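Following: one structure in structure tokens, then a few remarks.
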Amino acid sequence: MKSQGLTRLTVNFQEMATPEPGYLAGYAAIISGYNLKVPIPEVLAIISLKHVRYETKHWRVLTTRHTPPDTLLGHLTFAMKYEGIELGVLKALFQTVPAADITREVLKEPNGQYSRKIWFLYEWLMDHKLEIPDLTISNYVDLVDDTLQFPTSNAENSKRHRIRNNLPGVRDFCPMLRRTTLLTRFIGLDLSKMAKGIVSKTNPTVKARLATLLPFQEAKASYDIEKGVEQSTRADRWARVLRHSGEFSISNQELLRLQEKLIENPRFIKLGFREKEGFVGEQDIRHGTLLLTHLPAKAQDIDLLMNGLIETARRLEGDEAFDAVLATAIVSFGFVFIHPFSDGNGRIHRYLLHNLLSRKGFVPKGITFPISATILDKALEYQEILQHFSYPRISIIDWKPTSNHHFNIDSETIDLYRYFDATSYAEFLYGCVDETLNVKFPKEVDYLDKYDRMKQFLDDYFEMPDQLVGTLIRLLDQGQGKLGGHANKTDLGKLTKEEVQTIELKYAEIFGD
């Protein structure tokens, strides 16, 4: 066992510059000292040579008085105290270090809260019991420090370790969320209350129209995000699914039903979980070379991962204290990273946004908020956030192309999809929800209210059929309040100049305020 010499004075860590010269501490020292092949944590720790403590985007800088003993236990204790729980790093470490050495480290301080956390996490992650007797006298301590990360409120006591297991997931799927300033601010906005307030004040007629129109707009935006060939029949079919997105809990059967709704012609696509390795990206059109943007989970790991994801979703759904948007981010992004299907993963991922938000009671039942429309507006940021997960994993996965333009994955990759930091995905999603509720949804409600007022005027004075009313208002929208020459190509050409002027003036009165 490498018990000493984990840290070193440095100005960079794996091609990432440190804010100033200092000594690696905690997870950075462990990753460096044991040469662990893992995605680098979002925030790392370094001990400054100066008496200054501060944080940057990727570094937590502490003073010399925070220097941990340069041993495995010292750096693990430091990590638990100041950085929180990085399950992927810990699993890789525990697979590297002999169980007897972990036992020896824990027994140095068997009653210490950080030793107990390390002990519990070893047995939980490795599913292997260390030769340490059960504790009998210590008080229970929370595994997840809620000042650093978001725990579940439905903790399970481990009598053996005197630990309250408040991890937000299960062994086969447990992303973690850091308690950042941005997430804390978003949670404090109580956007759920805002959403319900907007809907409660909406005219019942407009509300009924929203329930019909928004799912179609959401379905269309979801197709547009993937730059797919969206046909109105496909969007309409998917919209009908979205209207009922909160009615069914997530299960393997429900996910398969969703895929069947998406794939109109399964002649060339095998429905159900993948049985072969998949990839996201393109193939060079001349040579067939794979140009990867994402490597999904291995086919052999999908059952375990999806069972873990579904169990985690069930637990988070039942935890009333766990924030709805955070729960949604964990499950929906976890799904798209696993990529269990050959096709349809992206749209089902975005369906899950609505499913979890509805089932957690964040949004009123029957209303589909246009989140995908907001994501479409943030398409570049959305792509970057997905690549933020994918690219570090592509670089450490041992994969190689085969002669038939497919590829093999030779390394074990399941933990890359079980355990990840979901903070940046939750921040992105919360930003989309915030913009949707503050901008897009009120704008849609306002437009439909004005539309109905304009329609009422046209019904009262011209007795037009609904389809012609729709055409007229659409032409006015496109012409910035003027009908223009296109109207003459329809039955609207029967309107007199005076009638056209009256209609345009009324449009300006209603839509111009």
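Including glycine, each Cβ sits where the backbone N, Cα and C put it.
Curation does not apply to TrEMBL; its annotations are automatic.
As given in TrEMBL:
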ACT_SITE  His339  active site
BINDING   Asp343, Gly344, Asn345, Gly346, Arg347, Ile348, His349, Arg350  ATP binding site
DOMAIN    250-402  domain 'Fido'
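Locations of recorded TrEMBL features on the structure.
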residue: His339; record: active site; contacts (Cβ under 8 Å, 6+ apart): Arg274, Gly278, Val280, His294, Pro296, Ala297, Asn345
residue: Asp343; record: ATP binding site; contacts (Cβ under 8 Å, 6+ apart): Gln259, Leu262, Ile263, Ile269
residue: Gly344; record: ATP binding site; contacts (Cβ under 8 Å, 6+ apart): Leu258, Gln259, Leu262, Ile263
residue: Gly346; record: ATP binding site; contacts (Cβ under 8 Å, 6+ apart): Ser222, Ile225, Glu226, Val336
residue: Arg347; record: ATP binding site; contacts (Cβ under 8 Å, 6+ apart): Ser222, Tyr223, Glu226, Trp238, Leu262
residue: Ile348; record: ATP binding site; contacts (Cβ under 8 Å, 6+ apart): Leu255, Leu258, Gln259, Leu262, Phe335, Phe341
residue: His349; record: ATP binding site; contacts (Cβ under 8 Å, 6+ apart): Ser332, Phe333, Phe335, Val336
residue: Arg350; record: ATP binding site; contacts (Cβ under 8 Å, 6+ apart): Ser222, Ile225, Ser332, Ile371, Ser372, Ile375
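Mean predicted confidence for the domain 'Fido' (250-402): the pLDDT average there is 90. The ATP site, placed at the center of the C-beta atoms of Asp343, Gly344, Asn345, Gly346, Arg347, Ile348, His349, Arg350, has further neighbours from the same chain whose C-beta lies within 8 angstroms: Leu262, Val336, Phe341, Tyr351. The local packing around Asn345 (ATP binding site), expressed as other Cβ atoms within 10 Å of its Cβ over all shown chains, amounts to 24.
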